[in-house]
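Taken straight from TrEMBL:
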- 132-163: transmembrane segment (TRANSMEM)
- 195-216: transmembrane segment (TRANSMEM)
- 381-403: transmembrane segment (TRANSMEM)
- 382-609: domain 'Cation efflux protein transmembrane' (DOMAIN)
- 415-433: transmembrane segment (TRANSMEM)
- 445-472: transmembrane segment (TRANSMEM)
- 484-506: transmembrane segment (TRANSMEM)
- 551-574: transmembrane segment (TRANSMEM)
- 580-601: transmembrane segment (TRANSMEM)
- 615-686: domain 'Cation efflux protein cytoplasmic' (DOMAIN)
Amino acid sequence: MPSPLGRPIRVGVFEHDPDAFNCFRLLPHKNCRKPGAEVEIIKTVMELLKWEWEIVDTALEFGVVNDFGILESDGNFSGIMGLLARNDIDMSGLSMRITPERMHAAHFTFPIRYFQQVYIIKRPPENDFRNFIFATFTVQVWLMLLVTILGVAMLRFVIAILIDKKDAPSTNILTSSILETYGIMLKQRVVDPTAASAMVLEAVLIAAMLVVSQYYQSSMNSKLTAPPTSAIPFYHQDELLTLLEQKKTYLTYFANLTLEGSSERNIERIKKLSIYNPVITHENENDLIAEIKRGGVFFSTYDVEFLPQTISSWDRKQGLTVILDTAGIISYTAFGFSLGNRALCRIGVTYDSTKVNNNYYHCHDESSKDNLAKSKKAIRVLWMSLIICLFFMTCEIIGGFWANSLAIVTDAAHLLTDFASMLISLFSIYIATKKPSQRMSFGFYRAEVLGAFFSVFLIWIVTGVLVVMAIMRMINRDYEIDSTVMAITATIGVCVNLIMGVLLYFGGHSHSHLGGGHGHEDAEHGMIINFYISPQGQQSDEEPNINVRAAFIHVLGDLIQSVGVLIAALIIYFNEDLLIMDPICTLIFSVIVLCTTIYILKDAMVVLLEGRPNTINFSNVFSSLEQINGVKKVHDLRIWALTMDKLAVSVHLEVAEPDSAQSVLRETRTMLQKVYNVHESTIQIEGFVEKDCGRCDVPK
């Protein structure tokens with residue numbers, strides 16, 4: 001296959017190791033099993049891209065036997081860098097040692113670019129940001145805090161005796177000083193704020209807290225930008241390949257060919273891994289940040305010093321760590337490129353485990369890691385909401401009985417329903433993360449839908465009981481209500497439900513904050529060899545987890561009910577003759593709650609009945625399939641949902657030319673994944689038949 005230059009890429013080398021040179025100087029015409037770590041990178045990329053390239057012996061052709069040589073009067077170097085500047089060669093096949101003097105000279109002569117190795121590591125769960133927020137408070141930090149507090153208390157004691165001149169016993173003054181120190185820390189003033197001791201104490205405490213906060217921030221930063229020796233889980237090529245073969249969830253990069261331990265055996269292992277991580281090229285320069293944030297080892301001829309700034313604090317909280325490897329060989333060496341050949345410099349090469357090469361194109365969406373991440377996020381949000389719900393439910397039960405308000409008890413019962421439904425949702429999500437089996441070949445995704453389905457029925461049952469109780473209260477009218485307690489409890493309920501609603505709404509929507517796109521684009525990524533800038537994927541919004549959505553609708557019903565209860569409480573507070581507002585409020589808002597659950601029940605029924613969700617249009621998919629090159633007829637198109645955010649498609653395509661079957665298959669699968677975010681697709685390629693058949697008609 002021709003290179004982007006329209007001719008073979010000229011890779012300049014010179015002899016520095018006779019054995020290696022005699023091996024790789026005949027590339028690519030004669031195979032070289034072990035060309036050396038430097039040429040291995042070039043050889044691997046060129047073979048996977050199927051580009052034409054050739055080795056240029058710079059000593060034989062140009063008399064050049066060094067990388068930089070000396071700086072000449074015209075601003076160029078006498079070595080390989082000079083050949084690159086004059087476009088005599090397209091790239092250097094040997095790495096070159098970079099020194100500050102050389103970099104200084106090169107930056108002021110022509111725009112040299114060099115490979116820099118950057119690890120973008122998705123931290124293991126045990127190193128997660130939320131887990132080490134307080135882990136950075138080591139024993140030394142706690143001791144420092146204790147010493148600070150005791151020191152300030154002693155200072156307060158001295159000031160009280162020398163400046164305020166208190167006559168109380170010293171023991172009492174010391175005890176008072178310690179209590180006052182804690183009191184000021186808790187913003188509870190137990191001394192006159194105008195007293196000299198209090199003012200000095202405030203100033204000292206502020207200074208102490210500033211010092212501690214700076215220490216804490218420094219400690220956190222050291223964990224977020226950990227040195228390679230503690231953050232990189234491998235030091236040898238064997239270790240890296242073993243981790244890759246084990247498919248460790250926090251490893252998101254392909255084989256690093258510059259690690260120690262390169263061998264023929266490892267080269268074969270790399271080739272096997274390459275089948276599932278083939279090369280894809282890109283020329284768009286806009287989405288580099290979105291690409292690198294998904295993780296990997298990033299090699300670039302582009303200056304990547306901007307990375308620590310573009311990885312924001314939010315990204316770091318999500319698990320990204322940026323490590324500039326200042327100890328590896330790549331940081332001290334460089335591959336030269338002729339920037340006069342812009343076509344070559346703009347090539348981006350990405351190893352992507354969700355794609356396969358032209359010879360092995362039968363790709364299924366294996367975004368299990370992305371699904372697991374979203375499930376963990378949903379679990380975290382539900383657990384937080386569960387704790388808040390349990391706490392306030394207890395408060396409402398106490399307040400409802402205290403105020404003798406059925407509306408408050410109704411709200412508490414509704415919260416009990418939410419509590420139970422969240423437990424069901426959590427169980428459903430845990431079940432859904434189980435791997436497919438021979439019996440459950442699609443996995444357990446629909447456990448989430450079943451959980452949402454039963455939680456809706458649960459809320460209907462409880463609401464029906466409360467409606468009956470409200471009607472009985474309206475008939476008998478033998479009750480009293482403490483409107484003050486009712487109003488206070490309802491006000492707290494409005495605030496709590498607002499907090500839970502915001503938490504579930506913004507926490508349950510799976511918008512990617514790491515620059516990724518749909519599931520098929522967010523799967524495990526590998527090494528990016530980036531000759532300029534290589535983007536991959538696009539930003540997109542996704543459907544929220546159906547269980548989080550169900551919980552959000554429950555909380556929305558609670559919020560509406562709490563507002564209604566608050567209004568009823570205020571009416572009763574100003575007019576005690578209107579006690580009937582309590583059961584009326586219960587009836588009205590019970591109906592509203594029932595209505596809010598219909599939509600989630602409808603969506604769940606669509607999924608369970610193998611229906612097509614509203615997120616995808618049948619006619620649009622059918623038209624897109626008809627427009628694929630080589631397709632003559634489309635029939636038996638089936639679209640259904642495994643869950644609300646996982647679509648499945650099966651279709652029969654008739655082609656006129658049997659030789660085009662593989663290209664049609666490849667284009668169809670890519671289109672379904674990228675355009676319609678299809679999770680599972682089964683495509684049957686058939687020969688074109690003129691005769692129509694009844695089952696081939698498009699469903700109405």
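Start at 1 and count along the chain as shown; that gives each residue its number.
Quick reminder: no glycine exception, Cβ is built from N, Cα and C everywhere.
TrEMBL does not curate its annotations; it predicts them automatically.
The shown structure was predicted, so the numbers you read here are calculated from the model rather than taken from an experiment.
Counting Cβ pairs under 8 Å to the transmembrane segment (580-601), the top-ranked stretch among 381-403, 445-472, 484-506 is 445-472. Confidence in the domain 'Cation efflux protein cytoplasmic' (615-686), given as mean pLDDT, stands at 83.
Note: the domain 'Cation efflux protein cytoplasmic' (615-686) comprises 28 helix, 32 strand, 12 coil (DSSP; helix = H, G, I, strand = E, B).
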